[in-house]
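Colleague: Sharing a structure here in structure tokens format.
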Amino acid sequence: MNMANLLKTVVTGCSCPLRSNLGSCKIIPGKKDFLRTFHTHQALWCKAPAKPGIPYKQLTVGVPKEIFQNEKRVALSPAGVQALVKQGFSVVVESGAGEASKFSDDHYRAAGAQIQGAKEVLASDLVVKVRAPMVNPTLGVHEADLLKTSGTLISFIYPAQNPDLLNKLSKRKTTVLAMDQVPRVTIAQGYDALSSMANIAGYKAVVLAANHFGRFFTGQITAAGKVPPAKILIVGGGVAGLASAGAAKSMGAIVRGFDTRAAALEQFKSLGAEPLEVDLKESGEGQGGYAKEMSKEFIEAEMKLFAQQCKEVDILISTALIPGKKAPVLFSKEMIESMKEGSVVVDLAAEAGGNFETTKPGELYVHKGVTHIGYTDLPSRMATQASTLYSNNITKLLKAISPDKDNFYFEVKDDFDFGTMGHVIRGTVVMKDGEVIFPAPTPKNIPQGAPVKPKTVAELEAEKAATVTPLRKTMTTASAYTAGLTGILGLGLAAPNLAFSQMVTTFGLAGIVGYHTVWGVTPALHSPLMSVTNAISGLTAVGGLALMGGHLYPSTTSQGLAALATFISSVNIAGGFLVTQRMLDMFKRPTDPPEYNYLYLIPAGTFVGGYLAALYSGYNIEQIMYLGSGLCCVGALAGLSTQGTARLGNALGMIGVAGGLAATLGGLNPSPELLAQMSGAMALGGTIGLTIAKRIQISDLPQLVAAFHSLVGLAAVLTCIAEYIVEYPHFAVDAAANLTKIVAYLGTYIGGVTFSGSLVAYGKLQGILKSAPLLLPGRHLLNAGLLAASVGGIVPFMMDPSFTTGITCLGSVSALSAVMGVTLTAAIGGADMPVVITVLNSYSGWALCAEGFLLNNNLLTIVGALIGSSGAILSYIMCVVRNVCAQKRHGVLKIRMCLVFYLQ
């Protein structure tokens with residue numbers, strides 16, 4: 001074979017039309033198909049291997065009309081259709097599919113869907129439904145028989161209860177994703193359709209109960225007489241039970257909650273309900289977030305409690321289910337007949353047989369004066385809301401299992417770790433190409449909680465005997481206050497100078513104020529409050545300004561570190577306040593009255609302008625400015641506690657920070673060149689912060705707070721190191737040298753943990769890092785070793801007076817603390833990152849306090865103590881609301897992290 005033929009063979013063998021598209025190839029006239037080209041390896045001529053899967057544009061998603069009796073839901077809302085069309089799918093919707101959910105065919109057409117008949121829709125590549133396929137009475141054929149061969153079905157299936165349906169689907173070689181089998185893990189919360197529907201059912205149960213109850217839920221005292229509040233018992237602390245508790249409590253009823261799981265009882269308590277328990281201690285934690293079957297002794301104690309409650313309460317709502325089994329009967333006929341006439345019972349487990357012996361599934365009737373609501377279609381009775389949430393679950397699931405931008409593809413593996421996307425896919429897919437693969441194998445690396453050993457009667461009696469008496473309780477309280485006051489006296493005796501005592505006084509009072517400021521914060525404002533405290537903690541810029549020097553540029557290492565600290569703190573300040581404003585704007589409604597927030601420029605101008613005028617006139621009121629700034633920061637935290645004052649709170653925070661920076665510059669009285677350097681660093685940082693905060697998507701604001709917060713930790717590290725460099729020459733003659741060194745060391749440690757921990761939190765929330773907890777082998781020993789090394793490093797730092805040793809120790813502790821921040825935060829799931837960020841925010845407050853003590857600056861001490869104490873309380877509140885520590889039994893490391901921060 002000659003060279004020309006060889007080249008022709010190479011070209012023809014490639015998977016791309018090389019010869020027809022190669023501009024540099026040329027046929028020489030008069031020659032035999034001789035190809036002139038360059039010497040190149042064949043792999044460079046051919047296409048890259050094709051990506052697996054099918055292009056979205058070649059796939060059609062079908063949305064049939066639900067034919068189950070009284071089913072009003074639809075699998076995709078118009079918004080869900082629009083999301084899939086944007087992703088690349090073609091969507092066909094059966095005519096009238098959304099009418100019962102108030103979604104017309106015109107709505108679907110406007111979203112990009114085509115309207116077709118039932119047969120055409122069911123023959124789509126991917127069919128999404130609410131109810132499992134069944135016989136279509138109009139067409140006279142089973143829906144499964146109309147599915148496309150080797151197609152995909154997404155629906156509620158309940159595979160364990162429907163083996164015949166699986167056989168039908170298997171004959172069509174269907175791939176089935178069962179929405180009822182989505183694993184209940186952190187990463188899958190957005191796809192958990194069971195929770196979405198249970199949430200609606202729980203809310204609707206209370207609405208129906210109120211409709212059939214003959215009195216108010218809330219108690220009233222009127223001129224016509226006194227109305228007692230309704231008493232409601234909710235059995236089952238799952239999603240439905242908690243939704244019922246929240247709705248009933250908001251309507252003014254007295255709510256009681258019972259569950260066999262300790263975590264669920266804590267959740268009832270966090271919603272304001274009274275948790276009920278039996279005397280026998282036994283854990284009810286089961287698989288997948290459900291309760292397990294209890295022992296005979298526990299059930300007997302449970303029945304005794306229920307019998308007593310039936311005589312007291314007005315409304316019973318029960319949600320107890322055990323997967324794959326008939327619902328347990330918790331209330332006998334005799335118990336129901338002991339209830340007051342006019343009472344109401346709502347059985348959310350009616351579809352599985354019911355928790356009440358007197359329940360008639362699907363019916364509403366009265367038995368011996370007690371109204372029974374046994375509807376099995378509560379989510380469908382709120383069809384618009386239920387369809388919207390279910391549609392969101394499906395669209396999020398499709399996007400998660402097939403993240404590729406071009407092709408639809410997911411891989412089902414039997415080998416997967418707990419809490420990963422592999423776990424979600426394998427658990428959800430119950431049939432693959434006609435092969436039944438349900439149930440899913442057990443995932444690897446399942447977090448194990450310590451088993452709860454049931455307590456004997458003797459142990460319970462011993463506990464009762466050990467109950468704290470009033471005398472012992474009072475003596476404990478008195479001893480604690482005695483120890484605290486003795487500690488204060490000792491602190492005064494050990495104080496190196498008067499300035500330190502004054503600083504401790506400021507610290508203590510500010511800490512108390514911060515402790516009491518945020519207790520009443522509205523849960524919806526947790527994120528904005530966290531954001532504004534993060535912005536205020538950017539006052540680390542004050543420490544940077546105090547240490548800056550040189551002329552237009554820094555001239556020493558310490559001055560360079562200070563300038564960098566000022567720059568990155570300014571990014572945090574400007575960006576943080578804008579993020580807070582954007583978060584608050586999310587609560588605005590079109591019907592809200594107009595706002596005139598620009599009027600807050602009047603007090604801001606008066607405060608800062610008045611100080612500049614006083615400074616120009618020769619008055620030194622720097623400390624008063626610090627006091628005013630500190631009070632504004634207190635007002636900021638208090639304002640962010642309620643919706644009505646949230647925007648005022650954000651404005652007060654900006655006024656406080658602006659006043660503090662102005663007072664710092666006035667007190668320093670820098671030269672024009674140095675002032676230009678300071679102004680440039682702050683202006684550049686502020687511009688960058690504003691630009692980032694303005695361009696970021698609304699959904700990314702929480703993680704941006706974490707990213708900004710990392711800058712506070714880094715600024716604290718830089719400032720502490722710079723202060724050590726500046727103060728080192730004076731240590732030999734300074735009586736407070738040891739205190740300065742201790743504070744610098746602690747500030748560096750705290751800043752390092754805050755810096756790296758916040759970056760990990762940002763990565764998990766943004767999706768850069770895996771959301772699942774990173775449970776490293778031997779992580780407890782690793783963290784203990786890092787902590788021991790950090791603590792041990794202070795010994796040579798304090799004992800060796802050399803500069804080299806001091807800088808080495810500070811550098812080492814900053815590195816060790818940064819690693820510790822990574823290991824602590826990575827071991828926590830992505831869903832709990834908001835709480836982690838709040839804990840780290842509290843931590844940054846203590847770092848700010850360290851700067852205040854280092855620089856003898858009242859403003860930094862006040863604001864640091866304020867943020868540190870309020871952040872600790874906000875962390876506690878968020879833990880209670882989210883029930884973090886109780887829900888995640890495997891999160892021992894997280895609980896320890898919280899406790900360490902609180903203790904410090």
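For all residues, glycine too, the Cβ spot is worked out from N, Cα and C.
Automated prediction, rather than curation, is the source of TrEMBL annotations.
On a predicted model such as this, the values are computed, not experimentally measured, just so you know.
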Colleague: Look up transmembrane segment in TrEMBL and report which of 186-205, 206-225, 506-525 it refers to.
Modeller: 506-525
Colleague: Between the transmembrane segment (506-525) and the stretches 624-641, 705-726, 781-799, work out which stretch tops the count of Cβ pairs under 8 Å.
Modeller: 624-641
Colleague: So, does the transmembrane segment (781-799) come close enough to the transmembrane segment (860-881) to give 3+ Cβ pairs below 8 Å, pairs being at least 6 apart in sequence?
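Modeller: Counting Cβ pairs under 8 Å (6 or more apart in sequence), the transmembrane segment (860-881) does not reach the transmembrane segment (781-799), since there are fewer than 3.
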Colleague: Go ahead and report the DSSP secondary structure tallies for the domain 'Alanine dehydrogenase/pyridine nucleotide transhydrogenase N-terminal' (62-201): helix first, then strand, then coil.
Modeller: 59 helix, 25 strand, 56 coil
Colleague: Does the transmembrane segment (805-828) come close to the transmembrane segment (532-553), meaning at least 3 CB pairs under 8 Å for residues 6 or more apart?
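Modeller: Between the transmembrane segment (805-828) and the transmembrane segment (532-553), which are separate recorded stretches, there is no contact, as judged by 3 or more close Cβ pairs.
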Colleague: Could you tell me the mean pLDDT over the domain 'Alanine dehydrogenase/pyridine nucleotide transhydrogenase N-terminal' (62-201), as a whole number?
Modeller: 95
